[in-house]
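Some features that Swiss-Prot has for this protein:
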ACT_SITE  HIS185  active site, proton donor/acceptor
ACT_SITE  SER315  active site
BINDING   95-97, 126-129, 136-138, THR184, SER316, 321-323  substrate binding site
SITE      GLU328  site 'Important for catalytic activity'
Amino acid sequence: MRKESDSMGTIEVPSEKYYGAQSQRSLINFAIGRETMPPELIRAFGVLKKAAVLTNVELGKVSQEKANFILKACEELIAGKLNDHFPLKIWQTGSGTQTNMNVNEVISNRAIELAGGKLGSKEPVHPNDHVNMSQSSNDTFPTAMHITAAEMITHQLIPNLTVLRDTLEKKSKEFSEIIKIGRTHLQDAVPLTLGQEFSGYVAQLNHNLEAINDVLPTLYRLALGGTAVGTGLNTHPQFAKKAADHIAELTGIPFYSASNKFAALAANDEIVLVSGVLKTLACSLMKIANDIRWLASGPRCGIGEIVIPENEPGSSIMPGKVNPTQSEAMTMVCVQVIGNDTTITIAGSQGNFELNVYKPVMAYNLIQSIYLLSDACRSFNDHCAVGIKPNQEKINDYLNNSLMLVTALNQIIGYDKASEIAKKAYKEGTTLKEAALQLGYLTASEFDKAVDPKKMVAI
């Protein structure tokens, strides 16, 4: 153990760790739960700390010599080499102060080590005076939230969702001439093609991609430079813009300084907005995954209109059973994301005066929603969607036996007579054609001409 100090006094810290006194106090005071700060968020902190020191050098606030050590430490942090030094829990101060200081202390001590100094000495690099220069926890944490979410959505969610959309679009075209019975209210309905059914899934995902791309730019607004309450106290007038420009350059994402820092600190409306879009995506994916597992149900006593890949044994007691596991995993992800949105919505409503103090729980839930949806889309695509095949025999059986084909007769003999045909066929267990002929409403040739599934699906 080594001794480190802060404004409250001296405390022992594990000698092999780069974090310092404030991080150690957080470990003691907030031994709550198992949820630690996500590594993606820590990486984003590394990006903003690097941008801050680059800016402070340009503005003449930090010497290039000190900056070089800080920059090296930031680069190691960004690369994930220092992840073992970030043990703090989500359940801490609502501004994320302990995590901001955890980052400051780790960067400071690693920079000190690189400079040949003694860990905990705060020389030549001080965690507050140098690493945290021109910053506050109140503006760094929301900035890190935005960087994390924007990067994950850009580089993970959108690509994986696009691949799934493309696969379903390919299936829609592949199934374009396979006519099947439709279902509404879980009851038989008029026909459509399997391709048309899948085109609905494609449209849903297209709409979600549009919505995601629409809200993504709201994350580009950064709070950095607002410091404690949004006034920018203790910062150079050019710091906010220059730092945001550096973040944009480091990430390849067009981040910029928020025009109103008071809103950027006191509210997290952008996070609530993005989470709402992710919830909508979860609802869409839930519908798609549910449809696919129902359509694949069976193999002999279910709907069975499609066949999905057999990935693993499905039962420890029933030999040969194969379950729709990818759909089940996807739907569990969806309910988690919907729950996360509820948490984020409530947390987002709780800003008081100049600060919202629910930031860590909002960050944790949003990050989880993004990576769960990203991973689930990739998994569902690779292990289910690409291998979907039609069961033509089952499809034809249902189509030929459906009473709802009688709908095609509405314009010829009227709704009431068509309904009479359907009820007679159902009650007596005959075909629609047999019932129509027995009632004398149509001839055989008239029935065959009118009741043609191909004419009913607009292909």
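Using N, Cα and C of the backbone, Cβ positions are placed for all residues, glycine too.
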Length of the line joining the Cα atoms of ASN323 (substrate binding site) and SER315 (active site), in Å: 8
For SER95 (substrate binding site), the three-state class that DSSP assigns: coil
Between GLU328 (site 'Important for catalytic activity') and LYS321 (substrate binding site): CA-CA distance (Å): 15
Least surrounded among the recorded positions, given as HIS185, LYS321, when other CB atoms within 10 Å are counted: HIS185
Residue, out of the recorded positions SER137, SER315, whose Cβ gathers the largest set of other Cβ atoms within 10 Å: SER137
Using Cα positions only, nearest of the recorded positions to ASP129 (substrate binding site) (HIS185, SER315, GLU328): GLU328
Other CB atoms, at most 10 A from the CB of THR97 (substrate binding site): 20
Integer Å distance between the CA atoms belonging to SER315 (active site) and SER95 (substrate binding site): 47
Most crowded position, judged by CB atoms within 10 A, among SER95, ASP129, ASN323 as binding-site residues: SER95
Cα distance (Å, whole number) from GLU328 (site 'Important for catalytic activity') to SER315 (active site): 14
Assigned element (helix, strand, coil) containing THR184 (substrate binding site), judged by DSSP: strand
Rounded inter-Cα distance in Å - THR184 (substrate binding site), GLU328 (site 'Important for catalytic activity'): 22
